[in-house]
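Visitor: So that we are looking at the same thing, I have put the structure below in structure tokens.
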Amino acid sequence: MGQKENINVRYRFQYLRNKEILDRGNWSGRLDFILSCIGFSVGLGNVWRFPYLCYRNGGGAFLIPYAIMLVIAGIPLYFFELSFGQFASQGPITVWTVSPFFMGVGWAMVLISAMVCTYYNVIIMYSVYYMMVSFVTMDGDLPWQHCDDEWASDLCRENPYPKFDSMTNETDKINSAIELKDTNCLTGLLANLSASFSVTYNTYNDLNSSILIENTTSCDKDLKLPSAEYFERYVLRLHEANGFGDFGGVSLKLVICLLLTWVVIFFCLMKGIKSSGKVVYFTATFPYIVLVILLIRGLTLEGFEKGIEFYMVPDWQKLKDPKVWGDAATQIFYSLGVAFGGLLTMSSYNRFKNNTIRDAFLVTLINCSTSVFAGFAVFSLLGFMAHTLNRDVKDVVDSGPGLAFIAYPEGIARMPAAPAFFSFLFFFMIFTLGLDSQFAMMETVISGFIDAFPVFLRPKKTLFTFILCVVGFLLGMPQVCKGGIYLLTLIDWYSGSYNLMIVSLCELVGICYVYGINNFRHDIEMMVGKQHPAFWIYWYITWMFITPVAILFIVIMSGLNYAPAYYGDYVFPGYAEALGWLMVCSPLALIVLGFIIQSIRYGFPGALKRQPEWGPALDEDRAEDPRNRYDPINELKHRNIASNGKDNLAYVGDKKVKYIPNDQIRL
């Protein structure tokens with residue numbers, strides 16, 4: 001028989017003498033992993049969600065529940081996933097040889113990451129478009145600095161709002177007030193106003209300024225900022241769509257930008273972590289440089305203190321509201337990226353002795369500090385914007401894409417000097433923030449499938465990566481239609497929501513209660529060394545009790561505060577909501593399906609028990625277990641040979657190096 005025929009079809013492990021797992025690879029250096037984790041966790045939500053939540057939930061007072069939720073849920077889950085993936089050197093699916101009953105949890109992680117990738121790259125694409133527009137207008141005005149007749153509607157207003165308190169001329173006040181009103185609406189109110197004030201008003205010109213300002217608010221025009229009109233009417237062309245049921249045609253300029261974005265993703269991931277691990281040296285650090293520049297510039301603008309005050313002045317009464325605590329827990333959960341599978345995937349490429357304790361504390365603290373720091377950069381500019389528009393800060397603040405592509409660009413456009421340069425920096429920052437998170441989620445999907453089907457996919461990893469990028473591009477096409485923002489909003493709203501929390505809960509149950517928290521503790525000590533018993537008190541209490549309760553609290557609060565998806569004033573139809581809930585339930589269905597299939601394959605309770613293959617990937621690491629729980633891989637190999645009579649020896653590279661297959665693992 002030829003050498004190729006001797007290769008076992010279901011191999012798992014392959015070794016080089018330099019202790020690197022050839023099949024999967026390792027990070028080239030420790031800093032590759034740290035920066036990748038920072039890049040994954042520090043994403044768009046740190047810039048466009050946390051500052052908004054902070055101001056809405058009591059300013060500086062919000063930092064108290066935020067810090068508490070970090071301690072009782074964020075850090076425990078982060079350390080848990082880093083240790084889990086690193087110990088077995090396996091991705092989110094095959095790592096569940098620890099308890100095959102829960103293998104559906106890994107498939108759920110892969111599905112959630114795949115769904116998020118489809119819309120996340122569209123958001124990155126928006127930043128690419130704005131970045132290029134900012135670059136080509138360096139010598140002139142940004143296109144959204146003014147209401148251009150090409151795309152602006154009658155509701156577009158670029159001038160500041162009138163400061164009525166400082167105006168002394170009554171005629172000027174009346175004329176300025178009428179500019180902000182719908183005159184047909186005012187005419188309809190004349191009869192009611194005449195009756196209320198016992199004065200006959202024949203036309204709205206008869207009204208004095210006090211009545212116009214204080215008693216006709218229902219007639220206020222829904223005026224739009226130039227940046228809002230530019231984004232919705234020129235970039236998206238949303239006015240040419242007709243709701244969720246009619247997206248309209250595709251936008252060619254956005255299709256090209258989306259293609260460019262996926263090309264960048266492919267070239268950064270084509271060699272796996274060997275290539276993406278180098279890219280993050282720039283993409284994970286550059287946003288901090290930009291944030292510092294934007295903060296310094298923001299603090300030099302007039303009115304910045306209004307924004308900082310609005311952001312940080314504490315409202316202690318807010319702490320009595322359970323919703324504030326729910327928002328803090330939810331933000332911690334999403335910001336750190338637990339349950340997406342990204343942390344499991346990235347840590348699986350670590351050397352076995354890497355210190356996950358240090359990494360967990362370092363990355364989580366950097367992530368949360370970045371959120372707070374980004375808030376100062378954001379609100380200093382929003383304070384300036386409110387000052388120039390003569391508005392309150394609450395009238396100009398927004399969250400999500402509304403902050404990134406409307407509110408903040410409007411503030412940049414009103415800078416007195418070099419607005420195009422700062423716009424380019426801001427959108428370049430958004431681009432790099434998004435790339436890091438996209439790298440991790442795409443790598444989760446790629447590694448999940450390759451680990452599950454190694455013989456077929458691992459030799460073709462570059463081709464498989466290319467195919468997934470093509471699929472991602474095609475799935476993003478509907479989102480670059482003129483009404484594509486509706487679909488993007490729906491996916492964003494539902495794809496990673498309740499299902500993430502259930503996945504985390506299943507992880508904790510599967511390891512702490514089924515596999516055994518004591519076993520997991522000994523596994524971790526094999527990597528980081530023996531720890532004092534007092535060290536484990538915190539982890540035992542959080543993993544076994546407090547963190548699961550915190551997750552249930554998030555689920556309950558999310559349910560109580562549930563609101564159907566919407567975009568601006570548009571409310572999604574019932575069938576769109578049903579599609580959203582299908583995205584929520586699909587990963588959970590995979591978990592249940594995994595329970596059923598694995599129980600049939602292994603029997604019950606056999607499916608709950610760890611398989612012989614569970615444990616460190618290298619024999620020398622398995623041998624360090626003082627409890628002798630892990631048989632050498634070579635011994636498992638000989639058992640397989642005895643069972644099927646095949647020789648599983650093959651050679652790789654210039655040296656004769658064994659790879660150790662294992663055809664007994666059932667997926």
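Note: Cβ is positioned from N, Cα and C throughout, glycine not excepted.
All TrEMBL annotations are machine predictions without curation.
Straight out of TrEMBL:
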type     : residues                                    : note
BINDING  : G39, V42, N46, S335, N367, L433, D436, S437 : Na(+) binding site
TRANSMEM : 60-80                                       : transmembrane segment
TRANSMEM : 101-129                                     : transmembrane segment
DISULFID : C147-C156                                   : disulfide bond
TRANSMEM : 247-267                                     : transmembrane segment
TRANSMEM : 279-299                                     : transmembrane segment
TRANSMEM : 332-349                                     : transmembrane segment
TRANSMEM : 361-386                                     : transmembrane segment
TRANSMEM : 417-435                                     : transmembrane segment
TRANSMEM : 463-491                                     : transmembrane segment
TRANSMEM : 497-516                                     : transmembrane segment
TRANSMEM : 537-558                                     : transmembrane segment
TRANSMEM : 578-600                                     : transmembrane segment
Visitor: How big is the Cα-to-Cα gap, in Å, between N46 (Na(+) binding site) and C156 (disulfide bond)?
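Guide: It is 30 Å, counting Cα to Cα.
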Visitor: Can you tell me which parts of the same chain pack against the transmembrane segment (247-267), counting only residues 6+ beyond its ends and a CB-CB cutoff under 8 A?
Guide: 121-122, 124-126, 128-129, 132, 235-237, 240-241, 275, 435, 438-439, 442, 465-466, 469-470, 472-473, 476-478, 480-484, 486-487
Visitor: In Å, rounded, how far does the Cα of S335 (Na(+) binding site) sit from the Cα of C156 (disulfide bond)?
Guide: 35
Visitor: V42, C147, C156, L433: which of these recorded positions has the highest Cβ count within 10 Å of its own Cβ?
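Guide: That would be L433, with the highest Cβ count within 10 Å.
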Visitor: Would you list, in sequence order, the residues of this chain other than G39, V42, N46, S335, N367, L433, D436, S437 that have their CB within 8 A of the centroid of the site's CB atoms, where the site is the one recorded for Na(+)?
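Guide: The answer, listed by sequence position, is I38, F40, S41, G43, L44, G45, G337, T370.
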Visitor: Rounded to a whole angstrom, what is the C-alpha distance between C147 (disulfide bond) and V42 (Na(+) binding site)?
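Guide: With distance taken Cα to Cα, V42 (Na(+) binding site) is 35 Å from C147 (disulfide bond).
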Visitor: Would you say the transmembrane segment (332-349) and the transmembrane segment (361-386) are touching, if the rule is that at least three C-beta pairs must lie under 8 angstroms and be 6 or more residues apart?
Guide: yes
Visitor: Could you tell me whether the transmembrane segment (279-299) and the transmembrane segment (417-435) are in contact, taking contact to mean 3+ Cβ pairs under 8 Å with a sequence separation of 6 or more?
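Guide: In this chain the transmembrane segment (417-435) contacts the transmembrane segment (279-299) - 3 or more Cβ pairs sit under 8 Å.
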Visitor: Which ones in the same chain are close to D436 (Na(+) binding site), with CB under 8 Å and 6+ residues apart in sequence?
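Guide: Sequence-distant Cβ neighbours: S36, I38, G39, F40, V42, G43, V280, T283, A284.
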Visitor: For the transmembrane segment (497-516), I need the partner stretch with the highest count of C-beta pairs below 8 angstroms, choosing only from 60-80, 279-299, 332-349, 463-491.
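Guide: By the under-8 Å Cβ criterion, the transmembrane segment (497-516) pairs most with 332-349.
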Visitor: List the Cα distance (Å, whole number) between L433 (Na(+) binding site) and C156 (disulfide bond).
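Guide: Distance between the two Cα atoms comes out at 31 Å.
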Visitor: State the Cα to Cα distance, in Å, between C156 (disulfide bond) and S437 (Na(+) binding site), rounded to an integer.
Guide: 35
Visitor: Give me the long-range Cβ neighbours of N367 (Na(+) binding site): same chain, 6+ apart, Cβ under 8 Å, in sequence order.
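Guide: Listed in sequence order: I38, S41, V42, N46, S335, L336.
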